[in-house]
């Protein structure tokens, strides 16, 4: 009975809820709320499902990285592992980077030496450089497959030996594979690339050490052409293998000619090109690019160089070879060595290339600036060329297209420094922050030169507030200033009469490793001792001078020991006297005799003035004795002044009389 009643109630409730739902739906359709209006069947639009976009695994990281800017208070990204080991000087930074690179090379050696212990890949996404490389050939038989493997591994000597074995065995090697071998030999020469790179690193380190000492403003980055002076030997493996070809094609000639140009065999390259034409073959764009770059080496006069360039371009047109960006850059690079003729032809060449839809790259603009602005020469070119270049490149993000792209920013900043154009320097630096343009800064050496020129121009052209703003932004997060740069900063402080900042700058000098640079230290002392300031500034100067004294007394291993000069002793003493540090100044006066230095008469007169204010007659007489001991010509005048301005006892009068007689007899 109870169960039948409950079932009846449940059935009635369900029926009531259905009736209520139907009623509500009818009432909602009569209302004007758009959210509940049923769309018309005829007005339905077809839903188009967009195509799936595939994102790289680094896309999120790249998006996050684009939202932040460089933190001027943070260290370089390479130094984030251990903040306690962060270098504070340029030499420490170089040592740190080399040590870090040495550690990477050691790790890479063990990974490649014992690959079986590093088979599991933990990195997500995959990082190829953390996994073992295949450096040893797996195929030991004498076959084309084994030769192809050695070419891919860039084993120059092993590939040449295997090629000779194939020919001795009577096995013919395909022309394409032989051309691959020629490409390898002509690129690396007779040596394997690993050995070549090691030697290049050693020579690069030696060159940087020399240039760091001798060049700061006039320096340039070491180029590969300076480091690798491999010569093209006659009848080398490339020429021998090329001679064994029964019917060499254009690619064979291209490899040989490009190799000759790369290794400075320019005359042989043009001779080989003549052989190509005699065999009724057409050159490709790579051959013409190499020959255009070699023009300055085979023609001595400017007009002859330009005529040869025109002749090569005409031959390109006759052979229907379309030029590319590297063609433009090769022409501009050759025009850099054509003097005034190059300046007259540079813009027409760029205009002609633009007609062919060839847009200049950063390397093109770098060559253009080098054509119009000679490094180290008296600048007579109007700055509108620099302005036109910056108008073309401003706001653009560039991608690498030419190895010389990395030279643009250094060249542009050098031109800004030579022309004293601060506005364009700001534009160059602004361009550096657009997109991934920072990747074109090149090596650490190039980066240091770029910032050295930029900072030197700031010190020369801007007021000290702007200079200090950039100084705090750049140092030491991206730039370790040299002693010359710190000297420029001191001159900027002197120009704007902000010598009160010298104590802060001195602390930075010590931190940056310039505390033992005697010329720079003496410049700091001279500026502080030159004129008097308010008592607060004089107190800070005195503390700074006493701190500098410690640098003279410090004898740390591996650091240059500074020697006291008469001017440095006089400057420190003058600074202490100006701050009413008489006792400390008196101790400094004793150092003149200790280091065999002679104080100036002006310094002794300053001492007499301070002693007079304190009423210390004994010290005044002692000053006269010191002057007489050094046989200064001003001693008689000093005796007379003490006799007139001080109340002397009989003992003091007798001492001065004896000194006066000794001085007279000495004269």
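Cβ coordinates are placed from backbone N, Cα and C, and glycine is handled just like the others.
For the ranges 143-170, 171-198, 199-226, 227-254, the feature annotated in Swiss-Prot as region 'Disordered' maps to 199-226. A Cβ distance under 8 Å defines the sequence-distant neighbours of the repeat 'PPR 1' (249-283), meaning residues of its chain 6+ beyond its ends; these are 175, 178-179, 182-183, 185-187, 189, 230-232, 238-239, 242, 290-291, 293-294, 297-298, 315, 319-321. Listed by sequence, the residues of this chain that lie at least six past the ends of the repeat 'PPR 4' (361-400) yet keep a Cβ under 8 A from its Cβ atoms are 218, 220, 325, 328-329, 332-333, 335-336, 342-343, 346, 350, 407-408, 411-412, 414-416, 418-419, 421, 424, 427-428, 430-431, 434-437, 439-440.
The helix, strand and coil residue counts that DSSP assigns across the repeat 'PPR 5' (482-516) are 26 helix, 0 strand, 9 coil. Residues belonging to the repeat 'PPR 6' (565-599) score a mean pLDDT of 89 in the model.
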